[in-house]
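**Q** Sharing the features that Swiss-Prot gives for it:
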{"type": "ACT_SITE", "residues": "His42", "note": "active site, proton acceptor"}
{"type": "ACT_SITE", "residues": "Glu69", "note": "active site, proton acceptor"}
{"type": "ACT_SITE", "residues": "His189", "note": "active site, proton donor"}
{"type": "BINDING", "residues": "Asn6, Arg17, Gly190, Gly211, His212", "note": "3-amino-2-oxopropyl phosphate binding site"}
{"type": "BINDING", "residues": "Asp8, His9, Arg44, His49, Thr99", "note": "1-deoxy-D-xylulose 5-phosphate binding site"}
{"type": "SITE", "residues": "Glu150", "note": "site 'Transition state stabilizer'"}
Amino acid sequence: MRLAVNIDHIATLRNARNEHNPDPVEAALLAEKSGAVGIVCHLREDRRHIRDHDLAALRKAVTTKLDLEMAMTDEMGAIAVATMPELITLVPEKREELTTEGGFAIERHFNRLVDFLEPIKGAGIEISLFIEAEQRAIDLAEKAGADLVELHTGAYALKTGEEQAIELKKIRQAAVYAKSLGLRVVAGHGLNYENIAPFRDIEEIEEVSIGHALIARAAFVGIPAAVREMLDIIN
């Protein structure tokens, strides 16, 4: 299983003082050198952490894979085509939320989604949709032309015991189904050093995206050690 590192909260820390450090690009390079196969950043409409100049700098610096998380807006579509990340991941976005709270409402926005994705796919950028682990959402993702889906693991992360086991089963079944349709499968949201291990046994999930937990750990041990510790668990 591969690891992609979300570096948004390096920018959160920097923005707390409106200064230049810590630098998200430096964090991204350290993560890459330590074994991450991709760097994830979410350019939110309110620019609360990653900002436009960060995205431009990351595009120049990242040599593995840059995954731009973004809302389905005309502004973000234009930014994606101008920036040319290897991958974009469409996520729902609410200004009042602390973090992404659920999967993209693909059925509600399907017609708009197909039109929105056309120029991005035409530019050669891969498409991922952040969705709930549900068959209907997977069917629509495939129909819309997604290359891969990121299964939302937030409910799993919030539960314990038997309830968590039920959520894990849903994720496993969704991963198997998505793979059967020819979609690549990744997972993310709320995953950490304590709850990630069971995902090693879901061979259909090729990659996990981890941000907050890893950056929090890095505050104590540094980014290289935090990345290596996570890789030791997932592999």
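Using N, Cα and C of the backbone, Cβ positions are placed for all residues, glycine too.
Tell me about the setting of these features in this model.
**A** In the three-state DSSP assignment, the secondary structure recorded for His42 (active site, proton acceptor) is strand.
DSSP assigns Glu69 (active site, proton acceptor) to a strand segment in the three-state reduction.
Mapped onto three states, the DSSP output places His189 (active site, proton donor) in coil.
The Cβ of Gly190 (3-amino-2-oxopropyl phosphate binding site) has 17 neighbouring Cβ atoms from other residues within 10 Å, across all protein chains displayed.
In sequence order, Asp8, His9, Ala11, Thr12, Asn15, His42 are the residues near His49 (1-deoxy-D-xylulose 5-phosphate binding site), counting only same-chain partners six or more apart with C-beta under 8 A.
Glu150 (site 'Transition state stabilizer') falls within a strand when secondary structure is assigned with DSSP.
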**Q** Near Gly211 (3-amino-2-oxopropyl phosphate binding site), which residues of its chain come within a Cβ-Cβ distance under 8 Å, counting only those 6 or more away in sequence?
**A** Val5, Asn6, Ile7, Asp8, His9, Val40
**Q** For Glu69 (active site, proton acceptor) and His189 (active site, proton donor), determine the Cα separation and express it in whole Å.
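**A** About 13 Å separate the Cα atoms of these two residues.
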**Q** Which ones, of the recorded positions Arg44, Glu150, His189, have a Cα no more than 10 Å from the Cα of His212 (3-amino-2-oxopropyl phosphate binding site)?
**A** His189
